[in-house]
Amino acid sequence: MFPSGLIERPANWVALAGFMGTGKSRIGWELSRALALHFVDTDKLITRVVGKSIPEVFAQEGEGYFRACEREVVQRVTRLDHAVISLGGGTFIHEENRRLLLSRGPVVVLWATPETVYQRTKHSDRPLLKVEDPLSRIRTLMNEREGVYRQGTIHVHSDGRPSEEIVEEVVERLWAWRDAQAAWAALPPDYDRATS
């Protein structure tokens, strides 16, 4: 990894949010390589700290315990520098997490259709999909969460696209975000922002 001062990048900290199966871990890893940043997967961090897989945590301790662990991990990762953070699918849903994440830096939300999510997750051991009709459950959860996911900074669709193309779009959108932030910060203090 390059020392952090040798590369110009659009952001030194980025989080990836979105529904399960949208590609957050894969894209996060590749984005971290493209930006020469560390990569942290919050679900993997939780399993390392707790010493159990996420399905085991859900089964043995319950979803409430898992969400408490998730909140603690969010507090930790928002203190990091030079990192790309892949969030669990439900992490951004909780207001305290969302507030911390959005105040720390850009949150890129990855999107995919329910059918794509189902195809990507149908052979996994995801606790929220242990139901009779997982596709219906995916549709319901995605509909419930859509408004919250829309609060992210940048939105990118991952359906049917190679990961390199998605990463390239994320980087381009991060540069545009950084430029917009710089332009906004350059406005004079007495500028009436309501008239823009």
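Cβ atoms are placed via backbone N, Cα and C, with glycine included.
Given the structure is predicted, the values throughout are model-derived calculations rather than measurements.
When Swiss-Prot records Asp43, Arg67, Arg145 as binding substrate, the matching candidate from Gly23, Gly89, Gly160 it lists for that site is Gly89. Annotated ATP-binding residues in Swiss-Prot are Gly21, Thr22, Gly23, Lys24, Ser25, Arg26, Arg161, and among Arg71, Arg126, Arg137 the one listed with them is Arg126.
Between the listed binding-site residues, namely Thr22, Ser25, the fewest other CB atoms within 10 angstroms of a CB are found at Ser25. A straight line from the CA of Ser25 (ATP binding site) to the CA of Asp43 (substrate binding site) spans 10 Å. Distances between the Cα of Lys24 (ATP binding site) and those of the binding-site residues Asp43, Arg67, Gly89, Arg145 are shortest for Gly89.
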